[in-house]
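These come from TrEMBL:
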{"type": "BINDING", "residues": "17, 18, 19, 161, 162, 163, 209, 210, 211, 212, 289, 290, 291, 292", "note": "ATP binding site"}
Ligand SMILES: Nc1ncnc2c1ncn2[C@@H]1O[C@H](COP(=O)(O)OP(=O)(O)OP(=O)(O)O)[C@@H](O)[C@H]1O
């Protein structure tokens, strides 16, 4: 009777630089793991992928390297990206005993043709019978329920780990937009830099990300918050604990926030007037994990003078949208990229 449970089913994947999510129709998101690998350079071997690799971050001996193969929104390491994608596809497919799934993959807006081919080949190698590639901002718009097929302009700002994609969409086309390599990772880098310079302390990306998510903000309304941080003295050998304030973090993140705001402003400037009119009326939708930085929506609202809304579940909107595309063939045909 085993064969009764084996059937061809399809998967939608949000291949993000920070997190990879896999969506299965009728089941929802079945896998959500960091886009990370642990690699042993002594014997050229992958030791762990996804969450298992993340738990090792910052805690490995020198010969084990924790890698983000899609750092900065581009495929920095083709071989590792392929291994990671194959692992996630096989993990999701095995869980549900799928045979040769059809796969829809959402990739960053700025992806090159060579990278697209690498993504396609990797998925085929992992057993996919057909691979369709769509762009993350289009998937985000779909996931958030924006009227992408209608002659109504919608604006999406997807702030991930490596990239921020800004797009104005109408009738399933991206009319104007840009992709910048400024997003959550850069915020973490700015925090590391700040703690180094102002507190003479060395902290890792894990600590920086934690600070960003707990007391980080783009604008402060209601008083300062504080957090304790531990790190190694830059000029010395001691491990110290110190306190850091939300105001300091806000200051450290100013440049990153301004760059994101500038990308939004630039896209608005390049948007045809009639579509701009729709956006003035309907506002801007923020999505992606980076959009969860406190009061970033306020900063964008302040700069543009437009209504700004944060999507309901910013970290899963792209995967949900890719899933919607997977289950709506006529729509998928329109938004698929070569
Ligand atoms: N509460 C939070 N506050 C601030 N940042 C957050 C929060 N939660 C998650 N993030 C950040 O969101 C980023 C990951 O977002 P997401 O998973 O949408 O990216 P991704 O899709 O993998 O990346 P990309 O779109 O660049 O391919 C990380 O930088 C993470 O630190």
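The backbone N, Cα and C atoms fix where each Cβ goes, and this holds for glycine too.
Caution: TrEMBL annotation is automatic and unverified by curators.
Feature map: annotations from TrEMBL on the structure.
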{"residue": "17", "record": "ATP binding site", "DSSP (3 states)": "coil"}
{"residue": "162", "record": "ATP binding site", "DSSP (3 states)": "coil"}
{"residue": "209", "record": "ATP binding site", "DSSP (3 states)": "helix"}
{"residue": "289", "record": "ATP binding site", "DSSP (3 states)": "helix"}
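Only 19, 162, of the binding-site residues 19, 162, 211, place a Cβ under 6 Å from an atom of ligand 1. Taking a C-beta cut-off of under 8 angstroms and a sequence separation of 6 or more, residue 211 (ATP binding site) has the following same-chain neighbours: 191, 227, 229, 244, 249. Note on residue 19 (ATP binding site): other Cβ atoms within 10 Å of its Cβ, all shown chains, come to 22.
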